[in-house]
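Novice: The structure is given below, and queries will be raised subsequently.
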Amino acid sequence: MEALKVEKFTTANRGNGLRAVAPLRPGELLFRSDPLAYTVCKGSRGVVCDRCLLGKEKLMRCSQCRIAKYCSAKCQKKAWPDHRRECSCLKSCKPRYPPDSVRLLGRVIVKLMDEKPSESEKLYSFYDLESNISKLTEDKKEGLRQLAMTFQHFMREEIQDASQLPPSFDLFEAFAKVICNSFTICNAEMQEVGVGLYPSMSLLNHSCDPNCSIVFNGPHLLLRAVREIEAGEELTICYLDMLMTSEERRKQLRDQYCFECDCIRCQTQDKDADMLTGDEQIWKEVQESLKKIEELKAHWKWEQVLALCQAIINSNSNRLPDINIYQLKVLDCAMDACINLGMLEEALFYAMRTMEPYRIFFPGSHPVRGVQVMKVGKLQLHQGMFPQAMKNLRLAFDIMKVTHGREHSLIEDLILLLEECDANIRAS
C-alpha cells in the first residue's frame with residue numbers, strides 16, 4: 001500500500017487540518033479519493049451521466065424512475081447499488097425534484113447503513129465531520145429544518161421512521177454536515193456537474209492563497225501541490241470562486257462555513273481595486289444581470305445567454321474594462337455560449353479578452369487558468385492560427401501538468417491537440 005503523503009493534525013486556531021508528511025513538489029499528487037456519496041447537480045440533470053458525470057448528447061433513462069440518466073448500460077449497471085433505494089423515491093416525488101443536498105444525504109445514509117469501510121473516510125469519517133450547528137443563525141437552523149422535512153417526504157418510500165436510519169443518526173445535524181462539507185464536482189471545463197462528500201478531504205482548511213488545488217476526473221477527486229511545500233506545513237485549498245472581492249469572500253465563508261477569514265489577502269484587500277475597476281453604477285448593473293445570465297445557462301439557453309451578454313458588452317464598450325470581474329464573467333459566458341452554438345470565431349474574440357485578467361487573478365498554477373488557456377489554444381487551432389495556438393497550448397500544458405497531472409484525461413486531450421498543432425506547423 002502506498003504511503004500517505006498527508007496526515008491529520010490539530011491546528012493552533014482552526015481545528016483539524018491536513019499537513020505534509022515530507023517535502024512536496026509542485027504537481028505532486030497528494031491524495032486521490034472517490035466520494036462517500038455523490039449526485040448530479042440539478043442544473044446538469046439530464047445533460048450528464050448520473051454515474052461518470054460526462055456529457056453526452058443521447059443519454060438512456062432509468063426505466064423505473066425515468067429521472068436518472070446514463071451514457072451506457074455499463075454505467076447504469078455500476079450505478080445501480082447507489083441508485084437502487086432512491087429510485088422509487090425519485091419516481092414518487094415527480095414532477096418535483098429534491099434539492100441536491102436532499103438527494104446527496106439519501107445516498108450517504110444508504111452508504112452508512114451498508115457499514116462497509118469507505119476509502120473516502122481513510123483520514124476522517126462522516127461522523128467526524130464538523131456541523132457548526134452552534135454557530136448557525138436561527139434562520140439557517142430553520143432552513144435545515146425545512147430540508148429535513150423535505151428529506152422525510154422524499155425518502156418516505158424507503159425510510160418510514162428513525163429505526164431505519166443508522167444508530168444515533170441526527171437528521172438535522174447530518175444536513176448541517178452536508179452543507180458545510182460537500183464539494184462541488186466540476187467537469188473538464190471547470191463547470192459544475194455534481195456535488196459529493198469526500199470526508200477525508202474535509203480536513204483541508206481554506207486559504208485565499210492556497211498551496212494545493214483539487215480537480216476532478218468524473219467523480220474522482222485529485223489533490224495536488226501547486227507550489228513547494230515543506231514537511232509539516234499545513235495544506236490548504238480555496239473553498240471559493242477566485243473572482244470575488246475580499247468582502248464577498250469573507251461573507252460567503254462566514255455564511256456557509258461559519259468562520260472569518262483573516263488572511264493577508266483579505267486584510268489588505270488584495271486585487272479588490274482591479275476587480276472593481278470602472279464606473280460603480282455600471283458594474284453593479286452588470287452584477288445584477290449576471291443572475292439572469294446564470295439562470296439561462298443553467299437551462300442551456302445559449303441563444304438567450306449570448307444575446308444578453310452581447311447587449312451588456314456592447315452597451316458598456318469603453319465604460320467598463322475587461323479586468324472588472326463582472327465584465328469578465330460576462331465575457332466568459334459569451335465565450336461559452338458561442339462555443340455551444342458553434343460560433344468559434346466569435347468565441348475566440350471573447351476568450352482573448354479574458355486572457356490578461358485571468359493571468360492577474362489566477363497567478364501561478366491554477367486549474368481554472370489552465371483550462372481557459374487551453375480553450376483559447378484549441379479555438380486558435382481550429383481557425384488555423386497554428387503558431388499562436390502552439391504558444392497557448394504549451395502554456396496550458398505547463399500549468400495543467402501541475403494542477404491536473406499527466407494521467408488526467410484532460411491532459412491526454414491536450415497532448416493530442418499539441419501533436420495536431422505541431423503536425424500542421426510542419427506541413428505549412
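Each Cβ is built from the backbone N, Cα and C atoms, and glycine gets one as well.
Found this in Swiss-Prot, in case it helps:
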- Met1: N-acetylmethionine (MOD_RES)
- 4-240: domain 'SET' (DOMAIN)
- Arg14, Gly15, Asn16, Tyr124, Asn132, Asn205, His206, Tyr239, Phe259: S-adenosyl-L-methionine binding site (BINDING)
- Cys49, Cys52, Cys71, Cys75: Zn(2+) 1 binding site (BINDING)
- 49-87: zinc finger (ZN_FING)
- Cys62, Cys65, His83, Cys87: Zn(2+) 2 binding site (BINDING)
- 272-428: region 'C-terminal domain' (REGION)
Novice: Compute the centroid of the Cβ atoms of Cys62, Cys65, His83, Cys87, then list the same-chain residues not in that set whose Cβ lies within 8 Å of it, in sequence order, for the Zn(2+) 2 site.
Specialist: Gln64, Ile67, Ala68, Arg84, Glu86, Ser88, Leu90, Lys91
Novice: How many other Cβ atoms are found within 10 Å of the Cβ atom of Cys87 (Zn(2+) 2 binding site), counting all protein chains shown?
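Specialist: The answer is 19.
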Novice: Note down the number of other Cβ atoms within 10 Å of the Cβ of His206 (S-adenosyl-L-methionine binding site), including every protein chain shown.
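Specialist: Here the count is 17.
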Novice: Go ahead and report the DSSP secondary structure tallies for the zinc finger (49-87): helix first, then strand, then coil.
Specialist: 15 helix, 5 strand, 19 coil
Novice: What kind of secondary structure is Asn16 (S-adenosyl-L-methionine binding site) part of, going by DSSP in three states?
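Specialist: The three-state answer is strand.
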Novice: Specify the count of other C-beta atoms within 10 Å of the C-beta of Cys71 (Zn(2+) 1 binding site).
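Specialist: So the number of other Cβ atoms within 10 Å of Cys71 (Zn(2+) 1 binding site) is 20.
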Novice: Helix, strand or coil: which one is Asn132 (S-adenosyl-L-methionine binding site) in, per DSSP?
Specialist: coil
Novice: Please find which two of Arg14, Gly15, Asn16, Tyr124, Asn132, Asn205, His206, Tyr239, Phe259 have the most distant C-alpha atoms, given that the record lists them as binding S-adenosyl-L-methionine, and give only that distance in angstrom, rounded to a whole number.
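Specialist: Greatest Cα separation within the listed binding residues comes to 21 Å.
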Novice: Please report how many Å separate the Cα atom of Asn16 (S-adenosyl-L-methionine binding site) from that of Cys52 (Zn(2+) 1 binding site), as a whole number.
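Specialist: Pair distance, Cα basis, whole Å: 31 Å.
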Novice: Would you pick out, from the binding-site residues Arg14, His83, the residue whose Cβ has the largest number of other Cβ atoms within 10 Å?
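Specialist: When each Cβ's neighbours within 10 Å are tallied, His83 leads.
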Novice: What same-chain residues, at least 6 away in sequence, bring their CB to under 8 Å of the CB of Cys49 (Zn(2+) 1 binding site)?
Specialist: Gly55, Lys56, Leu59, Lys69, Tyr70, Cys71, Ser72, Cys75
Novice: Roughly how many angstrom lie between the C-alpha atoms of His83 (Zn(2+) 2 binding site) and Cys52 (Zn(2+) 1 binding site)?
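Specialist: Distance (Cα to Cα, whole Å): 13 Å.
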Novice: Measuring Cα to Cα, how far is His206 (S-adenosyl-L-methionine binding site) from Cys52 (Zn(2+) 1 binding site) in Å?
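Specialist: His206 (S-adenosyl-L-methionine binding site) to Cys52 (Zn(2+) 1 binding site), Cα-Cα distance: 28 Å.
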